[in-house]
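K.L.:
Mind looking over this structure? Questions follow.
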Amino acid sequence: MNKIVLYLLIYVGTFSAAYDLLKAPSYFEDFLHNFNKNYSSKSEKLHRFKIFQHNLEEIINKNLNDTSAQYEINKFSDLSKDETISKYTGLSLPLQNQNFCEVVVLNRPPDKGPLEFDWRRLNKVTSVKNQGTCGACWAFATLGSLESQFAIKHDQLINLSEQQLIDCDFVDMGCDGGLLHTAYEAVMNMGGIQAENDYPYEANNGDCRLNAAKFVVKVKKCYRYVLMFEEKLKDLLRIVGPLPVAIDASDIVNYKRGVIRYCANHGLNHAVLLVGYAVENGVPFWILKNTWGTDWGEQGYFRVQQNINACGIQNELPSSAEIY
């Protein structure tokens, strides 16, 4: 056998999980079992299979074309891209230019910092969470940043209450969407944020049950950053801490592992937490914490190539807050 052909067969078979579109019916039955899926009717099952088949074709194509990342059948594979975005993200777009937070312009070239940096290695990032079908990514990303700020300042990890933001933030729209910097504004207006244990996550809009006596974090000031260079995020990340950023999530839905090189940039719809950066096989990348549980991606994280505005990571101003 030709050595090149043999290499390609081994490479594709290893990296793409050797999915075969002709085996879609068999994969679908395995999917139903593995993810405990049940449908209300035969017509609904057929509808979901057609979506699954379309997603499988996309997964196969991505595994062939984006050779530094791997994509797989996962819990979202019977949902259309629009369904996944509408149910499992939640970033809104501002109707006007809102600058409650102080705007800082960073127009100098990036410093010569370390090639790799990861706040997780310093134990300053809380565990991966799962927002479920509540569109509150904005709350998770913002509070993820505050959790890290608290850990940096007090050397202690604490989980904050996304549910408090969902119920009591009247600037944003709870499970129907919100913004990153306005979430900081809401925490400042409320006077603080409670721990998750005191105000547990329910994944739906509820009545505000604020208890100021149980605030564990209070926000002094918030900032938004204008970056002339995407690489400047490295300096900001090291100096400030993990940063909530906005992305287009449509191309990460079926992600499994690796560095994403090709990622849609058609409109921001999701918020995630930037926690680090590194280099793999000569390709620099960002490390991002998602809110789709540890059974997605790299134990809940994903990586995208730097300096190509992957997933639109540079389209919206990153933000941070200073805590008391």
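Including glycine, each Cβ sits where the backbone N, Cα and C put it.
Bear in mind that the values here come from a model prediction, so they are computed numbers and not experimental data.
Below are the features I grabbed from Swiss-Prot:
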type     : residues      : note
SIGNAL   : 1-18          : signal peptide
DISULFID : Cys134-Cys175 : disulfide bond
ACT_SITE : Cys137        : active site
CARBOHYD : Asn159        : N-linked glycosylation site
DISULFID : Cys168-Cys208 : disulfide bond
DISULFID : Cys263-Cys311 : disulfide bond
ACT_SITE : His270        : active site
ACT_SITE : Asn290        : active site
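Help me understand the surroundings of these features in the structure.
P.N.:
For Cys175 (disulfide bond), the count of additional Cβ atoms within 10 Å of its Cβ stands at 21 [all protein chains shown].
The DSSP secondary structure for Cys137 (active site) is helix. Sequence-distant neighbours of Cys137 (active site) (same chain, 6+ residues apart, CB-CB distance under 8 A): Thr89, Gly90, Leu91, Gln131, His270, Ala271, Val272, Thr291.
Annotation for Asn159 (N-linked glycosylation site): same-chain Cβ neighbours under 8 Å, separated by at least 6 residues, are Thr126, Ser127, Lys129, Glu147, Ala195, Glu196, Asn197.
Cys168 (disulfide bond) falls within a helical segment according to DSSP. Within 10 Å of the C-beta of Cys168 (disulfide bond) we count 21 further C-beta atoms, all protein chains included.
Non-local contacts of Cys311 (disulfide bond) by the CB criterion (under 8 A, 6+ apart in sequence, same chain) comprise Ile247, Asp248, Ala249, Asp251, Ile252, Ile260, Cys263, Ala264, Asn265, Val304.
Under the DSSP three-state reduction, His270 (active site) is assigned to strand.
In this view, Asn290 (active site) is surrounded by 28 other Cβ atoms within 10 Å of its Cβ, with every protein chain counted.
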K.L.:
What residues, ordered by sequence, lie under 8 A Cβ-to-Cβ from Cys134 (disulfide bond) and sit at least six positions away in the same chain?
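P.N.:
Correct list: Gly90, Ile166, Gly174, Cys175, Ala203, Asn204.
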K.L.:
Any same-chain residues 6+ apart from Cys208 (disulfide bond) with CB under 8 Å of its CB? Would you list them in sequence order, or say none?
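P.N.:
Listed in sequence order: Gln164, Asp167, Cys168.
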